[in-house]
Amino acid sequence: MKEKVVLAYSGGLDTSIIIPWLKENYEDIDVIAVCGNVGQEDKMEDVYEKALQSGASKAYVDDISEEFVTETIFKAVKAEAKYEGKYLLGTSLARPIIAKKLVEVAHKEGAKYICHGCTGKGNDQVRFEATIAALDPTIKVIAPWRIWDIKSREDAIDYAEKHNIKVTATKAKIYSVDANLWHVSTEGGDIEHLENEHKKDVYKQCVDPEDACDVAEYVEVYFEKGVPKKVNGEELSPVALIHKLNELGCKHGIGVIDIVENRLVGMKSRGIYETPGGTILYEAHNILESATLDKDTLHFKQMVSYKYGELIYNGLWYCKLRESIDAFMEQTQDNVTGTVKVKLYKGNIKPAGIFTENALYDEGISSFGNSELYDHKDAEGFINLFTLPLKIRAMKAGK
C-alpha cells in the first residue's frame, strides 16, 4: 500500500516542482495537494487542475478565508499585534490556519507525512512545523528545500522547465510573492540590495502613495467589543469587510512599508509589504482604544501586544502563552465599541472623529474651564508627592 504525503500546495514555483520531486525521490507514494484559500487572488479551479497536472493523485482546495479572518486576523486587530513595531503579520497569521488544514487532511487521508515548500532560510518552515507539532506530533515532515540539490529560485525554474511545469516566475523578475486577504509581501530580486530603492512594479495591490488619488476620502469603521462590523454604515461579513477596506486603502496607497526585519532563523531580510485594509483597521482600532481604555490598561496592553506579535511571528500560535494573552486582550475589549472616522490621503491616515458612548474622555474636565471634579490647586499637592523621590535623591547627592 502506498504511503501518503500531504503537500501544502499554492500552485507557485516551489510547491509545483515539489510534486514531481517527491515522486522521483520517494518510492510508492501518493501526493495529496492541499491548498487553503486564505483570500489569495489565484483562481482556485486553476490551482486544483495544476496540482493534478503536476502529478498529485488528489487535490483539496478549501476556502478557509472566513476562519482566517475570525480566528486570527480579528484577534490580532484587538491586540494591535505587530512585529518589530511595523509588520502587521500578514504571512505569519495565515500559516497556522493553513497548517491546521494540512493536519486535518492528513488525518482524513491516513497520511503519515506532511510536506511544505518553505526554504531553509525562512520563517515559514518553523511556523508550519510548530503548528504541526502542536496539533499532531506523530506526523513526520518532509522539507525539500533543506535536502534537495536545488539551491536557488533560478535552479527551481530550470527544474520546472525540464518537467514541463508552467510557472509565472522568470529569471529576469525573480520576486518571491506571498498573497492573502490580509496582505501581499514581495521579496527577492533587486529588493535584496539595501542600496536600491524599491521600484513601483513591486506593488501587487496598492498604487504608489505618490500616484494615489488627489482627493482625500473619509471612511468610517464601526467596532463592537473590538471586532470590526461595519464600514461606512454598512454591516459586512468578516471577509467582505476586509475586501472593502482593501479596496478603499489601495487607491490611496495606504499600508505600504519597506522594512528590514530580523527573521526567527537569525538573519535579516528585506521585504515590501502591502496591507491596505489592515492598516486602516489597526489605526481606527487604536484611535477608538485611546478614548475608551484607561491609562494603566492601555499601557500594559501595549507592552503585551509586542510579545503577542512576536509569538505569532515565531509560529507559536498554538502555545499556551498566546492563548493566555488572548484571554487578557478579550477582557480589554469590553468597552471598545463605537465608530471611528478617518481620512485617507496619499498613504496617510488621519483621525477625523470618534463616536462612542464609552469614551473616558470628558470635555468638561479636560478643558481649561472650571470643573467640579478637578481643582487646579490640587495639582500642587500631587506634584509635591510625585516629585518627592527626585527631591530626596537630589538632597542625598548634595551631601
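Every residue, even glycine, has its Cβ placed from backbone N, Cα and C.
Since the structure is predicted, the reported quantities are computational estimates derived from the model, not experimental observations.
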Response to the item:
Note: Swiss-Prot has Ala8, Tyr9, Ser10, Gly11, Gly12, Leu13, Asp14, Thr15, Ser16 binding ATP, and from Gly90, Gly110, Gly117 that site also includes Gly117
Worksheet entry | Greatest inter-residue Cα distance in Å for the ATP-binding set Ala8, Tyr9, Ser10, Gly11, Gly12, Leu13, Asp14, Thr15, Ser16, Gly117 | 13
Worksheet item: Ser16 (ATP binding site): which of the binding-site residues Ser92, Thr119, Asn123, Tyr273 is the nearest Cα neighbour?
Response: Thr119
Practice prompt. Just give me the nearest neighbour of Ser10 (ATP binding site) among the binding-site residues Tyr87, Asn123, Asp124, Glu261, Tyr273, Cα to Cα.
Written response: Asp124
Worksheet, complete the sentence: Note on L-aspartate: the CB centroid of Thr119, Asn123, Asp124 has further same-chain residues inside 8 Å, namely Cys118, Lys121, Gly122, Gln125, Val126, Arg127, Arg263, Val265
